[in-house]
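One structure is given here, and the rest of the page talks about it.
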Amino acid sequence: MRRYAAVLRVAVVGLLVLGLALPPLAAALRPLRERVASAGAAASSGSWADEHAFYKRDDNDMSPYSWNITGTYKGSWSFAGATNGSSRFLEFMTSKGDSVLELLSTPTKISGVHYVQGTITFHDVIDKSHDRGAAQIRLEGVYIWPFRQLRMVANSGADGEPLQEEDYFLSNPYHLLRIFSSQVFQDSSEEKNRRKNSLTHDMEKHCNIEIAAKVVRVSTNQNGEHEKYRLEGLMESPSVDDDGECFSSILLNSTSLNVEAYYNKAVNYTLMVTFISFLQVLLLIRQMEHSNTQSGAAKVSIIMIGQQAIMDAYLCLLHLTAGILVESLFNAFATAAFFKFVVFSIFEMRYLLAIWKASRPLNSGEGWEIMRRELSVLYSRFYGILLGGILLMYELHNFLRPLLFLMYSFWIPQIVTNVIRDTRKPLHPQYILGMTATRVAIPLYIFGCPSNFMRIEPDKKWCIAVTAFMGIQAAVLLLQHYLGSRCFIPRQILPEKYCYHRKVEDSTNQPIDCVICMTTIDLSQRTSEYMVAPCEHIFHSGCLQRWMDIKMECPTCRRSLPPA
């Protein structure tokens, strides 16, 4: 019955717009204005002050095309007068808050009259039936362009019948990006149900929610492509059974958002991700050149590289999913996803395989079956952890930020490996600093930028914590690089370390040659000029150190050498 009533209202308003009943229209709207004034609408800066100006046509603004008010409107709500902040269905935590209005305007056969559908979301409101911090109400009504009037009522739609504005929402990048970011980064399981359960399913049985608003064009660019509108109006809720209002009158003030700006922000974000991925490729190449020997690769922690590869795989999947969800941004997000795919599938997996082979020198010369079995185990563990992490984040969705904090501890396995093995300079300083900066850039944008395209509220404390955490890890690695892997460990708890610079008594008085450079070693010089291996073979200090950067084996007898 409500839909038939809405259609009847459209027909009646159409006749009014055609000029058959202009005075009755003004008379019908006058009581609403008087109720606003009596409720305390004087605080709205005179928006309803001049009735003549309110209903007057703007002859200088007439054009063959009426204003298209389709779009997203963001603004604030506030009570028109004193209220106790409670109602039959809602509990208002404050006397004012934020609101988001989504509208879809469709022209009708009557000139100047549009059929409008949409939703309005109130923040800082608790829905008593679902215990949520926001309330969403579906709306429908008419927009009378010559008089800049918008009249809407609450509507939940017939059972099983989709509303028309859903088609607009599913093609609006602003709305879709909000859904994607809330699903991935913000919403809890209870908040996800907000889009499935509308308040009007319960409220429409007891309340008649009505909205009357004035549409004002704020500005337009020189080309006239993007117009900006402001809605100023009143929301009332008279009771169906004459028990009084369901909640006090609410003043609405919203301004349309330029969806193109969010589109450009999303494109700029994908360009940033693409540039970061390119820098990470260069840093990985620099690090692979730094550890291109078997000994150098064995110094690098396979857990550290694997953890970064899993992070890049997750970022690849997220950007690809966002591109599929927002069709108009598919090319931008697909490009970012492709570069992340290149980083983890080609470079990081190749480096992971090189580290694995360097840590198993005995198996590299065995048959192909053993090598294939070892590779299968390696890839099975990697992709098993990858899929397990997805399930873990799904189950612990409410603790996503602590999980992200844990994922950004990827330098810790390398720090521990350096201490245990006492390795010398496993990572290049440029790789340490570059990876730290590029890895922290994306979370800082998502959780730290106030105008990020995902519309996530900034969390300065979390951003400062993750930045400090990453900085401390990088600082420890740099200290290990320049001062030694165990520079911060007290000597009292360190295990006994083999001393290569020990005195050798030469009883034969015969010259000893270094098998690396084939020159004579002068044992009468300081002990720092030569090094003695555990197998009693003697080499020049510089020669053996360069050899140990390639292989941790004695050049003479192939016996394993302890760290220097």
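Here the Cβ of each residue, glycine as well, is placed from N, Cα and C on the backbone.
As annotated by TrEMBL, domain 'RING-type' applies to 514-558. With DSSP states grouped into helix (H, G, I), strand (E, B) and coil, the domain 'RING-type' (514-558) comes out at 11 helix, 9 strand, 25 coil.
Taken from TrEMBL, the feature signal peptide applies to 1-28.
Annotation comment: TrEMBL describes 266-285 (among others) as transmembrane segment.
According to TrEMBL, the transmembrane segment annotation covers 297-320 (among others).
TrEMBL lists 332-354 (among others) with the feature transmembrane segment.
Residues or ranges marked as transmembrane segment by TrEMBL: 375-394 (among others).
Packing against the transmembrane segment (462-483) from elsewhere in the chain are residues 401, 404-405, 408-409, 411-412, 414-415, 418, 425, 427, 429, 432-433, 436, 439-440, 443-444, 447-448: each is 6 or more residues past its ends and has a CB under 8 Å from a CB in it. Under the heading transmembrane segment, TrEMBL lists 462-483 (among others).
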TODO: Return the stretch with the most CB pairs under 8 A relative to the transmembrane segment (375-394), choosing among 266-285, 297-320, 332-354.
DONE: 297-320
